[in-house]
Amino acid sequence: MLLEGSCHCGAVRFRVVSPHPYPFNRCYCSICRKTAGGGGYAINLSGDADTLVVHGAEHTSIYQAEIDGLTSPGERHFCSRCASALWVFDPRWPELVHPFASAIDSDLPRPPERVHLMLENKPDWVEIESREQDRCFAGYPDESIAEWHARLGLEEG
């Protein structure tokens with residue numbers, strides 16, 4: 001599926017092909033929550049890094065979080081004009097890019113189940129909107145974004 005996204009002010013527009021377009025993964029870690037999660041969580045999708053096309057790249061900046069005193073290799077791209085979170089790239093998985101669902105303008109499919117992860121970092125004010133079929137994890141689940149899509153038969157060609 002072709003995902004098209006943008007920042008709030010329109011200075012940055014991008015597109016990327018994603019075989020895994022379902023916005024199912026709700027991350028409650030402090031990094032996602034504070035950089036992109038207005039509801040107490042952020043939703044990352046998965047795309048093919050080789051297909052990422054960015055217009056207005058001169059208006060992007062990168063934030064790399066510190067975790068336990070070490071700089072994370074994950075590069076969180078955001079608009080330097082309006083601060084919209086756009087995507088995450090991690091050189092440990094150079095074939096992937098993870099756009100934030102909040103930056104996607106394309107219609108996304110509704111997931112049949114959701115995964116709530118990093119719940120050990122969730123603040124008390126955040127209420128989990130969990131459905132019966134949803135899965136909840138204190139940390140990271142063992143299943144990747146691609147594996148979740150494959151298990152449910154939702155991979156796109």
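Each residue, glycine too, has its Cβ placed from N, Cα and C.
According to Swiss-Prot, the feature Zn(2+) 1 binding site maps to Cys7, Cys9, Cys79, Cys82. For Cys27, Cys29, Cys32, the entry in Swiss-Prot reads Zn(2+) 2 binding site. Here Swiss-Prot flags 3-134 as domain 'CENP-V/GFA', drawing on sequence analysis.
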Using DSSP, would you call Cys32 (Zn(2+) 2 binding site) helix, strand or coil? helix
Residue counts (helix, strand, coil, in that order) that DSSP gives for the domain 'CENP-V/GFA' (3-134): 19 helix, 49 strand, 64 coil
Cα separation, Cys32 (Zn(2+) 2 binding site) to Cys79 (Zn(2+) 1 binding site) (Å, whole number): 16
Residues flanking the Zn(2+) 2 site, with Cβ no more than 8 Å from the Cβ centroid of Cys27, Cys29, Cys32 and excluding those residues themselves: Tyr28, Ser30, Ile31, Arg33, Gly37, Tyr41, Ala42, Leu117, Met118, Asn121
Rounded distance in angstrom between the Cα atoms of Cys32 (Zn(2+) 2 binding site) and Cys7 (Zn(2+) 1 binding site): 17
Count the other Cβ atoms sitting within 10 Å of the Cβ of Cys7 (Zn(2+) 1 binding site), across every protein chain shown. 23
Within 10 Å of the Cβ of Cys79 (Zn(2+) 1 binding site), how many other Cβ atoms are there? 21
Residues near the Zn(2+) 1 site, Cys7, Cys9, Cys79, Cys82 excluded, by Cβ within 8 Å of the Cβ center? Ser6, His8, Gly10, Ala11, Val12, His59, Ser80, Arg81, Ala83, Ser84
Within 10 Å of the Cβ of Cys82 (Zn(2+) 1 binding site), how many other Cβ atoms are there? 13
Average the per-residue pLDDT over the domain 'CENP-V/GFA' (3-134) and send me the rounded value. 94
Fill in the CA-CA distance, Cys29 (Zn(2+) 2 binding site) to Cys7 (Zn(2+) 1 binding site), as an integer in Å. 22
Find, among the binding-site residues listed as Cys9, Cys27, Cys29, Cys32, the one whose Cβ has the highest number of other Cβ atoms within 10 Å in the structure shown. Cys32
